[in-house]
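Inspection log for the structure reproduced underneath, given as structure tokens.
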Amino acid sequence: MGKYELIKGDDKAAAAAAAEEEHNEHVLAVDHALPYPKDLEIGGKRASSEKEASAPRSGDRHRLVSLDVFRGLTVALMIFVDDAGTYLPAINHSPWDGLNLADFVMPFFLFIVGVALALTYKRVSNKAMATKKAVLRAAKLFVVGLVIQGGYFHGLHNLTYGVDLLSIRWTGILQRIAIAYLLAAICEIWLKSDDDVDSGHSLARRYRSQLLVALILTTIYMILLYGLYVPDWEYQIPVAGSGPKSFSVECGVRGDTGPACNAVGMIDRRIFGVRHLHRRPVYERTKQCSIDSPASGPLPPDAPSWCQAPFDPEGLLSSVMAIVTCLIGLQFGHVIVHFKDHKDRIVQWMIPSFCLLALAFSLDFFGVHMNKALYTLSYTCATAGTAGMLFTGVYVLVDVYGYRRPTLAMEWLGMHALMIYVLIGCNILPVFIQGFYWREPQNNLNTETGNRPAVPQPDTQPKDTKGNIDQQSRTTSLNRRLTILFDLIRQQVR
């Protein structure tokens, strides 16, 4: 991972350190996909040389750990809602319109990616080389996401692996972060002026081209979402013991934001094909599609034809607004670069955060509802505004008042965000562990430690009378993940 230097006015030592950093590699903030800076951007302290920055002297400057803590909180939130949300629907992703706790995870990651990028590219000497490195790192992250979420691994109940390229899922969480990272990095490298910054207005003027890009992306998204004509369409689902079953969905509308006839799903079906989309759509938990709504459950007798249709929550059109979230985070990062006083930073963060939240609720009131699956404009503003307020609170707690001890676990999670996500969030570590067994696949470490068996097929999982996986099976899954996570944290914090 590359290093950062502290910026303070025209300090020659800081400028020299910046030049040396760029010569080394100008490392981007996605070596671990969810970037964190290893430098100090602490307000209220005079910059010194890089050597002095690393000296463990009392009263010397310290790392801006609020980035790591914020990212760690997001990782912890992701793990919590991923497991607990199964039997606490109120914190799970909203089935369609609305905003639940789980719906903040993705925007928070994108927001902090943008914040870290502002620190990574505060000085760029070779724009072409920096762009090349950004493209390469984004490509690496995209490939990792493709392997993890494309269907190559078959889950906890199947020790096989491999994916049919005719049905691989091309989009996913890491792929979306890679795309947003790349576009935000290009904006930061190429689209900024040399204007001096001494106020919020001058800050906006310096980065007006980036704000224009965000406005253009938002306009394109709104035009496509509400202007594209969505025709009738069909899809098929496999049925055990027989051929595929076909369904027809009647649309023939424009500007519909419901589950069946929205432009977001239509674009993905046209470009990728239905077979390449996520097979467990979030709207399967709506009242129309589940008798246990907002939890998953059997289909009602009068369920509409679209209830089992694949839909990708990380689709192409919705990712346009994900890029906007990353660009908003980028502007918050600029505040760290150009304002050194704690009070100035807090003011410059809180004002846009409140404005974003006010805009979000206004849009929702007038019919542009908050929707994570579509990544609507009101959802973008609400989650970005909340991220800004939370980041400000973490900054005040950790970097202003110095309460680091209570946040050590979150700081460690933030510094290893990609590792935690891949190993635990995507079940790669449990899958790897249970691959080593004694004589029979059921005799593996997960089984011996009280977790659920490794190899029963999905159709043979313990289920209740309504066809849902039973509570004990869910609880053991949560216990397994939490045990692995806490063991990792204890080893590192010691």
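Glycine is no exception: its Cβ is also placed from the backbone N, Cα and C atoms.
Going by TrEMBL, these are the annotated features:
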DOMAIN    63-186  domain 'Heparan-alpha-glucosaminide N-acetyltransferase catalytic'
TRANSMEM  64-81  transmembrane segment
TRANSMEM  101-122  transmembrane segment
TRANSMEM  134-153  transmembrane segment
TRANSMEM  173-191  transmembrane segment
TRANSMEM  211-229  transmembrane segment
TRANSMEM  349-368  transmembrane segment
TRANSMEM  374-398  transmembrane segment
TRANSMEM  418-438  transmembrane segment
REGION    447-474  region 'Disordered'
Q) Between the transmembrane segment (211-229) and the transmembrane segment (101-122), are there three or more C-beta pairs closer than 8 Å, counting only pairs 6 or more apart along the chain? A) no
(Q) With pairs fewer than 6 apart in sequence excluded, do the transmembrane segment (418-438) and the transmembrane segment (64-81) have three or more C-beta pairs that lie under 8 Å? (A) yes
Q) Out of 134-153, 349-368, 374-398, which stretch has the largest tally of CB pairs under 8 angstroms to the transmembrane segment (418-438)? A) 134-153
